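**Q** Here it is, the structure, as structure tokens.
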Amino acid sequence: MNPELQSAIGQGAALKHAETVDKSAPQIENVTVKKVDRSSFLEEVAKPHELKHAETVDKSGPAIPEDVHVKKVDRGAFLSEIEKAAKQ
């Protein structure tokens, strides 16, 4: 390695001072956060409630028309056919 380069690396670089802007403080002045008593709320949630029946439309099934038939593929025969073609 070049001796000039080694000495430049050894001396290091002169860095300029960086000014930082701390924005971690709250943006709204004169605001206090109050402690909320959640015990009454939690008691209300724990009580049994009467719920209304909800009508749902289940569209999670496959959207294949009834006149379309999907047949099962014999995977073993299919793979052996590919294997035979690869050996040729």
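The backbone N, Cα and C atoms fix where each Cβ goes, and this holds for glycine too.
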**Q** Using Swiss-Prot as the reference, determine which range in 1-22, 23-44 is annotated region 'Disordered'.
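**A** Swiss-Prot lists region 'Disordered' for residues 1-22.
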**Q** Looking at N6,N6,N6-trimethyllysine as annotated by Swiss-Prot, pick the matching residue from Lys59, Lys72.
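**A** Out of Lys59, Lys72, Swiss-Prot attaches the N6,N6,N6-trimethyllysine annotation to Lys72.
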**Q** Between Met1 (N-acetylmethionine) and Lys35 (N6,N6,N6-trimethyllysine), find the distance joining the two CA atoms and give it rounded to the nearest Å.
**A** 65
**Q** What's the number of neighbouring CB atoms sitting within 10 A of the CB on Lys72 (N6,N6,N6-trimethyllysine)?
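**A** Other Cβ atoms within 10 Å of Lys72 (N6,N6,N6-trimethyllysine): 5.
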**Q** How far is it from Lys35 (N6,N6,N6-trimethyllysine) to Lys72 (N6,N6,N6-trimethyllysine), counting Cα to Cα, in Å?
**A** 63
